[in-house]
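As recorded in TrEMBL, the features of this protein are as follows:
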type: TRANSMEM; residues: 15-35; note: transmembrane segment
type: TRANSMEM; residues: 56-77; note: transmembrane segment
type: TRANSMEM; residues: 83-108; note: transmembrane segment
type: TRANSMEM; residues: 120-143; note: transmembrane segment
type: TRANSMEM; residues: 155-177; note: transmembrane segment
type: TRANSMEM; residues: 184-202; note: transmembrane segment
type: REGION; residues: 281-321; note: region 'Disordered'
type: COMPBIAS; residues: 289-301; note: compositional bias 'Pro residues'
Amino acid sequence: MRRWFDDAILAEGRLPLLCFLLGFIVGFLLIRLSVRMIRKQVRWWPGNLRAGNVHIHHMVFGVVLVLASGLGLVATYNSGVGTISALASTFGVGAALVLDEFALIYYLRDVYWEEQGRTSVDAVFVAVAVTGLLLLGFHPLWLLDVNDIRHDSSVAGRSFLGIFALVNLVLAAIVIAKGKIWTGLFGMFFLPLLVVGALRLSRPGAPWARWRYGERRRLMYRAVVRERRYRRPVIRAKIFVQDLVAGKPDVEHVRSAAEEELARTVVPAPPAHLRTRAMRASMHEGPHHPGPADAPPPADTPRPADADDDLTAFHPQHSGH
């Protein structure tokens, strides 16, 4: 272990990167512990910080730490490795505080304990995964090395490397637009993943599906079916673990709860033109005040024939399933 640390970390100048990763992980774990203790209202644990009636979110402190340590890194980049590593650790802690509330920044509202709050956890996992790959010696754009561009003085060589980098970035953008965040990020380190991700179907709720599958019902149907098939075992495992922690797990409950979550979360994105039209209408109409017309219909009201929102609405017309 010591030999690996000396050869792979110290000799390669990756000690600041390791300190950043450790600071990030420790910061994330500590802030998660803190918010859970606050939510459980543990008496001896410090509560939320407030300025008058305003609750100060911990991402505010994260922004301050990131700015302060980032400025320090820029100002002291010629300093010793110890100073750089200490600043990198502080930067990691600040980044963890910010990304832990990434969902609040993304949705512009407090969704920390809601389902949308899982976006923060996804962002943290992505940051840890990418930093880990960099620490192991991988670098983005797969085979492309910045030193190759510096040492290659020929126009043809630099043009080839530039085109190769552009192809990588375009493929990564397509894969991420298809909703495959992990594939897009890891594909930046391994090109075949980007190629496979770009060729395969989009996830049904992704921007690509909204742009390309809105009027192509067969593709949308295939995307929904495949998404449910791949996510079903993952969701079942998650619910099983939750039931195991809460009490004795029940197989039937796991199956039924998984199907309910799939039906709620795996849904096709609306076509792009409908989404744009709805956004324009909401901007022109202003705030909506519920009235009698917004009341839910009685339970015995017949359902319109064209109101199917089930998966069968995306089934090809000629299929017999």
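Cβ atoms are placed via backbone N, Cα and C, with glycine included.
Automated prediction, rather than curation, is the source of TrEMBL annotations.
Residues of the same chain lying 6 or more positions beyond the ends of the transmembrane segment (184-202) and with a Cβ under 8 Å from any Cβ of it are 126, 129-130, 133, 138-143, 168, 171-178, 208-209, 212-213, 219, 222-223, 226.
Away from its own ends, the transmembrane segment (56-77) comes close to residues 31, 34-35, 48-50, 83-84, 87-88, 90-91, 93-101, 104-105 of its chain (Cβ-Cβ under 8 Å, at least six residues beyond either end).
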